[in-house]
Amino acid sequence: MSTSSETEARAAAVPRPPARGTRLTLRAAALGRPDAPAVTGVDLDVAPGEILTVVGPSGCGKSTLLRTLAGLLPPLAGAVEQDGRPVDGPAADRALVFQDDALLPWRTLRANVELPLAFRGVPRAARREQAAAWLERVGLAAQAGQLPHRVSGGQRQRAQLARALAGRPRAVLMDEPFGALDAQTRAGMQELLVEVLHGTGATVVFVTHDVDEALFLGDRVALLGAGRLTAVRDVPRPRDRSAHDDPARVALRRDVLTSLGT
Amino acid sequence: MTRRVRPVRQGTGPRPAARYALRAAALAVALALWQVLSGRDVDLWLRFSQFPTVADVARAFAGRVTGPDYWTDLTESLTRILTGFLLAAVLGVAAGVLVARSRLAEDLLGPLLEVVRPIPAIALVPVAILLFPSNEQGIVFITCAAAFFPVLVSTRHAVRALTPVWEEAVRTMGGGRWRVLATVVLPGALPGVFGGLSVGIGVSWICVISAEMISGQYGVGYRTWQDYTVVDYPGVFVGMITIGVLGWLTSTAVELLGRRLTRWLPRTSYVPGARPRTGRPAAPVSPAATAVPAGPAGPAGPEPEEARDEHLVRD
């Protein structure tokens, strides 16, 4: 949190087109269901266009954090803001990508991707065209007419990504989107995500329990545990596979693992 | 268990024809037995002496089909059941969705529905007579009441069982209440709804026939009862057979429509207990594979339908 100015400086340096991203802020927020608060006292500021990854053990409230940012869950205390305005419900501005099975099974991949476009009032022909373009971009042009259960888990997640981005959201909230994939598919999906996000300028909050994934993708990584947000750390050389052995990255990885208690 | 074979969807030569022949033969045997028992006036404990023979019934049938009343009765009954059933489908789905999605609706409608539900629809005849100016409307009301509850209950369950992430996904795409209803709730509940509709059409027939027997002025049920009161037993059997065929046709129509609209359901790629693909092998099929019956599937159970309904699509 103390490093947001640094992050902004870096985000500006990264060759991204004018940021369409949005600033997401949590102030002294308590999150969860009324009878069972999952996380309390959260102060977090996600800069426009930034990729923030959130790591923590299962059940630590990562999904709750994401659903609160999406507007599906009102905060129990404190404030949730988007660009300084309180978040009071879900909106097309903040797309949510789920772990699995969030595609509507009775719609083909194309029809799923067309859905947010239809909600935005895009005319049918343009919808078709844009959906095809997005599916092409995630490498699913050939599967566009398939039903979700006919394609592999990795392909479903790619379709979900296309669906989320087709609505041109200013923030993309991702809830362990690659959690159900095998290691190899997962690495491929990470690359694809970086590539596809490039040029959208969208702010990303990416929840995962995989520390390496968090360190590869995130400009910053937030650590969640024991019902609190324990730290937010800058990641050296994000989205650079060769930085894996960078001493700074190795040190950070050790720190993160230590503080997660694994 | 390892010898599950993929079903062959394309024409498999003589096999479907052979199965048809088997079915026809079973029917023929039943008819022959009936003819023998009734023709010889067999009177062991069960008494067939008064029973009309198959030939009597066939003659009566031929007479009726060419007569004026048969088709009037048929269209009367069909109009009643279709009106009542369609009303029940619309009202049942609407009420089911409402009760499942809104706590207020559940509190307001729930107790009322639960009290009325156990009352057999046919017991509503006095209510229908009091409420409606004409018999006709009363019969439609009873038919509708009969089908309403199965549709309501299965819709309610189906809506409550929807995967929450579907709704969350649509809401974070900017979809409001109505979009959630149109894009998630209704299509997602469809398999369950059709379970209710299948049950409902069956109950509807029972009630339309009973109601006609009590208060109709035309209709298959009315005619059957009339024949009984004038001791025209072949006529009674003609009525029964007509009811059977109509019931079978309408429930098949509901079933087919349901399959069509829920084609997206993931189905197993094999038919449990399906016949082997090529030439009957000498090795006996393992009992486990054949024992799985193509029996009554749960209303919403997608998989066994493949087996149960194969005669509808394949043959």
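Quick reminder: no glycine exception, Cβ is built from N, Cα and C everywhere.
Residues or ranges marked as compositional bias 'Low complexity' by TrEMBL: B:281-297.
What TrEMBL lists as domain 'ABC transmembrane type-1' is B:74-258.
If you look up TrEMBL, you'll see B:272-315 marked as region 'Disordered'.
The transmembrane segment annotation in TrEMBL covers B:20-37 (among others).
If one looks beyond the transmembrane segment (B:81-100) by at least 6 residues along the same chain, the residues whose Cβ comes under 8 Å of a Cβ in the stretch are 106, 109-110, 113, 139-160, 181, 185-186, 189, 193, 196-197, 200-201, 204-205, 208, 250. Under the heading transmembrane segment, TrEMBL lists B:81-100 (among others).
Under the heading transmembrane segment, TrEMBL lists B:112-132 (among others).
Positions annotated as transmembrane segment by TrEMBL: B:138-159 (among others).
Sequence-distant contacts of the transmembrane segment (B:180-213) (same chain, six or more residues past either end, CB-CB distance under 8 Å): 77, 80-81, 84-85, 88-89, 92-93, 96-97, 101, 121-122, 125, 128, 138-139, 142-143, 145-148, 150-155, 157-159, 161-163, 166-167, 170-171, 219-222, 224-225, 243, 246-247, 250-251, 254-255, 257-258, 261-262, 265, 298-300, 302. Among the features that TrEMBL reports, transmembrane segment is placed at B:180-213 (among others).
The list of residues near the transmembrane segment (B:233-257) in space but at least 6 beyond its ends in sequence, with Cβ under 8 angstroms from a Cβ of it, reads 50-52, 56-57, 59-61, 64, 74, 77-78, 81, 194, 197-198, 201-202, 205, 209, 220-221, 223-224, 227, 309, 312. The transmembrane segment annotation in TrEMBL covers B:233-257 (among others).
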